[in-house]
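A quick write-up on the structure given underneath.
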Amino acid sequence: MANTSLDMASSTSPSPSPESTTTPRKRIVVVGLGMVGIAFIEKLIKLDTQRQYEIVVIGEEPHVAYNRVGLTSFFSHREVEQLYLNPLEWYKQHLQTSSLTHHLSTAALSLSPATKSLTISPPPSTPSLTTLPYDHLILATGSSALLPTSTPGHDASGVFVYRNIADLQSLITWSSDTQIKGSTGVVVGGGLLGLEAAKALMDLQVFGRVVVIERNGWVLSRQVDGEAGALVLEGVRGLGVEVLTRKRVKEVECDESKDEGEKEKKRVKGIRFEDGEYLACSTICFAIGIKARDELAREAGITCAERGGGGIVVDDSLQTSAPDVYAIGECASWKGQTFGLIGPGVEMADVLAFNFTQAHLHTPRVFKRPDLSTKLKLLGVEVASFGDFFADRDGPKELPPKLRRELKKSGGKAEVKALTYKDPFLSVYKKYIFTSDGKYLLGGMMIGDTTDYVRLVPLVKTHKELDVPPSQLILGAKKSGDDNGDDDLPDDTQICSCHNVTKADLVAPLKSGECTSLGDLKSCTKAGTGCGGCMPLVTSIFNRTMASLGTEVKNNLCPHFPEYSRADLYNIISVKRLRTLPDVMREAGADADSLGCEACKPAIASIFASLWNDHVMSPAHHGLQDTNDRFMGNIQRNGTFSVVPRVAAGEITPEKLIVIGEVAKEYNLYTKITGGQRIDMFGAKKQDLLKIWKKLVDAGMESGHAYAKSLRTVKSCVGTTWCRYGVGDSVGMAVRLEERYKGLRGPHKIKGGVSGCTRECAEAGNKDFGLIATEKGFNILICGNGGTTPKHSVLLAKDVPPTNVIPIIDRFLMFYIRTADKLQRTARWLEALPGGIDYLKEVILEDRLGICASLEAQMQELVDSYFDEWAEALNNPAMQERFKQFANTDEGQPPMEVEIDRGQERPVMWPREDEGGSAKADFKGLRDKWSSTTWQPVLEASYFQGADDLPNGISASIKRGDTQLAVWRIKGKYYASQQMCPHKRTFALSDGFVGTDPSPSSCSSSALPPSPPSTPPRSSSPVTSPPQSPTSSATPATTASSSCTTNPSGPASPWISCPFHKRNFSLTSGSCKNDNELSIATFDVEERDDGMVYIKLPPVDELDRELGTKKWMVKKGEAGEGQLRELDELNKSKGVEGKKGRRGRKPGASEAGKEVGKKLVEAVGGGGCGGPGLEW
């Protein structure tokens, strides 16, 4: 299976870049095929998804790029191919896909910046090629090993350097001479490279003695102090390598002999030191330093450094003094420094490749002081140095910003303290250097035990203030709290704020056995029956508690799918390509003919949307949608809807703002800026939605999907667009992400954010996916959320180039959509995911499951199939018919009284349920109490055409006098009830889900309870009849040809789930299935041959007395004087009310205490500055 990991050289995923790929490619010529040169090429190929460049690289050696850091291993296998950084096939592959051409055994002879051309020695593969024109030239020529040219005998036979494969091969050939066996081999230089060379001489196994000569008092003098060096010295000597310290070579003494051609030849005989001592030897390897290879640039007139090791002078962008010529790696001199470690060279390559490919989407990166931390195993000794490891000797080079500001303010001097640990028995030495207050780690060194290296280096890089004493770092003591232990919430934690249900309230009935299912728990405690936002946590507590009691907890979607979770159903629907609820019920349901319920319907609708992306109002899917999706707007407290056009990344033009203002003013809509940086218009009547959206769509706006379990917004700060601190183009990236994922539906809502720097103004760290710009790209954080149980995001990937952001997020979102449970946010999903973030990284970044290509392709298919739902609805007459308050009249009726608040109209407050908020009258008993009933025609039966084939049937809201009624046709049967849900006295039952309990066996329409016999005369005129008992009803004289009548109570009788808080009412008995205190009135209903639907109703005035809208609608004053009345009174008494533009003043503690006393202190909790006054 093809590896689609992002470590591959290229990605086929679309880039957010708007640039065209038809422009001619620019040529980049790279001089030098070493580790830094190939690092640049790899990064450029990876980032250049638009294929803007062709690359030509030349290398002097006959080998492709190999690992110079691992040169010592060459002596064990002597196969250079084992050191190759990429196999030869890699070069062939990218010749085809990325226009990479490489020439080996080819030297750069001269450079002409004026003509932008490079003269080269003819490559063996292309002898006619002598000149390479370039658009950009990258000099990665590296360095050469220093030889002491002033030392006599430095050029004798037997003198080597330790730099490349050719040096090692020469050393191997030399050591095969029989004269060498048993002799002494010498390494001059006790640094990193010198100790590596010493190991190489040992591995040759021909020298009787290997000696290292170091002019300082200890080895590794550039990495460790004297005490640490002495410990290394002890370890090296223990392995059989002799070390002479404080020795300087005066002369290499030679034997002068003649070869077969009688040509004089000098051969190493020994070393004379400056102190007069002599050491006989046959072989010398100099490892005394390096010199930058800058001759090509120097001869071309490009500025080079004159001191130190030379080097081609570069600026922070790594450009030389010549236009379009750059230098990276050991040949580059940055701020007077050259770097002989691979790390800084790779960082240079990274910066340059990023700027060539990503700078048009992001702030160009600059090269900064590199991290010179090293961790090596030299001759069996573990050695590491990190950060400012000589800060105690030379003074600190850099201080944490916070400390630097404090010292600047106080005029103090930077002081450091070193903490040292030495264990002579285990040969362990550690020295960590801290600021004088012990709050910051600046650097350190480790010998013998380097296990803490990975943990400590980030503390230095990030300047993180320590939360443990320095001694705990150096001793490796366990930080208090490292053991996470039990992360369960305390028992008194409030889980459901709507009904003030604590964790203990949920656990107790489960442990007592009173509740054995999630539905029982909701009915018993009322948790999750309010806003529903606590349900993920309620479910989690239920599952944990039941598991602790030894009860098996099945993660099935609902009773209709007892064997399958949402993820299971996703796979079944995907593989079998199911597209309707009946199809799914037949394939996976407990009852093939079931209508489903309020749990499985929206979950299956979400799966359909994630797979097939059909319109939510299409006939097959409309009945599966919750009320918000059903009318493409969030239903509000009073039954009206909110209107939220998309404002990608919060960026909006003045023209669109004006249109929004005009629409809000025309339809008297309450307006508010949302937390997602867009404008919400509240109070839109269902019958006005089409007209409102027509104006918005005509102005170039589209649905913001604020109503859907889908991508909501991608919030952004202004980033580099305006902010002087901006590092990345957060607005541009957020716009691209929101435009890409708009309309994407999932198990729950999805929110994103992009911040332009670490100040994090967009709060990307608590989003389902968030980006924070860094100098190298973006850090990608995932699986955070606010809500009932807030959770900070976790880091998925660091420093991701902009072109790789989208493939990663594509994979993450699709994997979440495929595997999450119903109504499970990404935070809870990750918590429940086996293996957690480490496993997710393997799946998303390393393609552990081999599905990354599939995830990207599926996301692209959804992106390509996007359409604006509101624009489609405006062009579909059938959809438009659904936007009516009443099916039998164009009249409107307000569902709740309104009041003016801060200049805008809003619905009055709901009273508390225990103070009249719920209508707990015996509505179901009205069937026995009507003085008389007559069959009344209410609506043409054609309105319900096609209902029998739909998962929710077809419903209608009917106005009769002042009373609102609801009528359904479901699987050939009619049902009627009051429109009002008594829980909150809202008028919306006709817009709810219809559900049935699953039968033990498959049901058909014939298995439903039979219709009552027909006795009333078939007539359009009212016919009176006496009241009937709940178990008997007046029957019509003749039934319609469809035999379609009221369905009495039975095992498969349907219920209606209120769209507000999911109270479920039987459409036959009127009883509430999940709240025994509530009920609704139901009515007999039938279709007759005259094409009308009839409901058996009492007289209008009697109907209105019991069910009239004016009687039950929530009115002003019912909720009391308001939650903030006391606060308003306080402000009024302080003279604050109504003032604008005032300067803040803080009341004195004594004055506040006199006026409001203890009550104010309890309400506010005191001020953050120590006073009890209010702080806003």
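Cβ coordinates are placed from backbone N, Cα and C, and glycine is handled just like the others.
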Name the residue range among 1-23, 392-414, 737-759 that Swiss-Prot annotates as region 'Disordered'.
1-23
Looking at the binding-site residues VAL31, VAL36, GLY208, CYS534, CYS1058, which has the shortest Cα distance to CYS757 ([4Fe-4S] cluster binding site)?
VAL36
Based on Cβ atoms within 10 Å, give me the single least packed residue among the binding-site residues ILE41, VAL56.
VAL56
Which of these binding-site residues has the least crowded Cβ, counting other Cβ atoms within 10 Å: CYS534, CYS717, CYS723, CYS757, CYS1058?
CYS723
Other residues with Cβ within 8 Å of the Cβ centroid of CYS717, CYS723, CYS757, CYS761 at the [4Fe-4S] cluster site?
VAL718, GLY719, TYR725, GLY726, SER730, SER755, GLY756, ARG759, GLU760, ALA762
Only counting partners 6 or more residues apart, tell me which same-chain residues put their Cβ under 8 Å from the Cβ of CYS761 ([4Fe-4S] cluster binding site).
CYS717, SER755
Other CB atoms within 10 A, centred on SER183 (NAD(+) binding site):
19
Among the binding-site residues listed here, LYS26, LYS46, ARG51, HIS983, HIS1061, which has the most company in the form of other Cβ atoms within 10 Å of its Cβ?
HIS983
Find, for the listed binding-site residues VAL31, VAL36, VAL188, ALA198, CYS981, the residue with the lowest Cβ contact count at a 10 Å cut-off, counting only other Cβ atoms.
VAL188
Identify, among the binding-site residues LEU193, ILE213, CYS496, the residue whose Cβ has the fewest other Cβ atoms within 10 Å in this structure.
LEU193
Mean pLDDT for the domain 'Rieske' (942-1094), as a whole number?
73
When a 10 Å sphere is centred on the Cβ of ASP203 (NAD(+) binding site), how many other Cβ atoms does it contain?
13
